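> Take this structure, written in structure tokens, and hold onto it; I'll ask about it next.
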Amino acid sequence: MMELYIGSHLSTAGGWNALLERSHEEGGTAFAFFPRSPYGKRSKALDPAGAAAFGARLKAEGYGPLVVHAPYVYNLAGKDEAKRTFAIEALAEDIELLTAIREAGQEVYINIHPGAHVGQGTETGCRLISEGLNQVFERTTGVMVLLETMAGKGTECGRNFEELATIMNGVENKANVGVTFDTCHVLDAGYDLVHDYDGVMRQLDEAIGLAEVKAIHVNDSQFGLGSHKDRHANIGQGQLGIPFFTRLVNDPTMAKLPMILETKEQTPTTHRDEIALLRGLVD
């Protein structure tokens, strides 16, 4: 039986030790967190001096890769040059913080929403994202950046595999960029994971390469195929359903990757229960 690296997106309140205790409470072996406020510029109270010890402890406890989530406010594709510059500088700072974890032996990625072109057009948006990442990697290359598959709402870039491939092809340091596969977003974007799982995986492999997928956001979908809504549902309570998640956790290529739950906490034990549910689906 394959052991899943799985957990949820956790609060950093209380610092590194409190973060790990929350993971223990839900029975996780991987998790995500925001390195600073997800909606604003204020940094969270994570002591850089404690990062290395945190990484060493995770490594000793056998954790899978961390999938840290960059703040939503970052928009590498935006019209405003000052905001793009902020995103570049802040993302580089986040990577520097996380590099200490990686250097302690614990694998860690930082996941970003690629960005929204806000009316400039997809081609311009994808180019700006690539250029922004190139500037980030001129400053630091300590941690791989993962581009998240998007649902396609508004003017999001990365709404299909080809757009993500375009962004990645524009990055000079290709070893530093990969993909996070969000199950809700992929279905909402129009890929039929329920009835054509193998076909979707072939499309992903042809456009990007399965080897470039480094993490999974494990979410059910409220609205489903082609809705472009980006509304997560709890596992088994949406349009993807338990048969899809059974297929996912028994797919040798995907099941070895860190899986991060971003579902709503309906009760204090929601994520603990969902982690147990997904582990119970493994053959």
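Residue numbering: from 1, along the chain as shown.
Any Cβ shown, glycine's included, is placed from N, Cα and C.
Below are the features I grabbed from Swiss-Prot:
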| type | residues | note |
| --- | --- | --- |
| BINDING | HIS69, HIS113, GLU148 | Zn(2+) 1 binding site |
| BINDING | GLU148, ASP182, HIS217, GLU262 | Zn(2+) 2 binding site |
| BINDING | HIS185, ASP230, HIS232 | Zn(2+) 3 binding site |
> Looking at Cβ-Cβ distances, which residues of the chain lie under 8 angstroms from HIS217 (Zn(2+) 2 binding site) while being 6 or more apart from it?
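Spatial neighbours, sequence-distant, of HIS217 (Zn(2+) 2 binding site): ASN111, GLU148, THR180, PHE181, ASP182, THR183, CYS184, HIS185, MET259, ILE260, LEU261, GLU262.
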> Within the same chain, and leaving aside HIS185, ASP230, HIS232, name every residue whose CB is within 8 angstroms of the centroid of the CB atoms belonging to the recorded Zn(2+) 3 site, in sequence order.
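After dropping the recorded site residues, what remains is ALA151, ASP182, CYS184, ASP188, ASN219, SER221, LYS229, ARG231, GLU262.
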> Out of ASP182, GLU262, which of the binding-site residues is least crowded by other Cβ atoms within 10 Å?
GLU262
> Quick one: pull the CA-CA distance for HIS232 (Zn(2+) 3 binding site) versus HIS69 (Zn(2+) 1 binding site), whole Å only.
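Rounded to a whole number, the Cα-Cα distance is 16 Å.
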> Go through HIS69, HIS113, HIS185, HIS232, our binding-site residues, and report the one whose Cβ sees the most other Cβ atoms within 10 Å.
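Result for the most crowded candidate: HIS185.
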> What whole-number Å value do you get for the CA-CA distance of ASP230 (Zn(2+) 3 binding site) and HIS113 (Zn(2+) 1 binding site)?
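About 12 Å separate the Cα atoms of these two residues.
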> Within 10 angstroms of the C-beta of ASP230 (Zn(2+) 3 binding site), what count of other C-beta atoms is obtained when all protein chains are considered?
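Summing over all protein chains shown, ASP230 (Zn(2+) 3 binding site) has 20 other Cβ atoms within 10 Å.
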> Looking only at DSSP and grouping its letters into three states, which state does GLU262 (Zn(2+) 2 binding site) belong to?
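In three-state terms, GLU262 (Zn(2+) 2 binding site) counts as coil.
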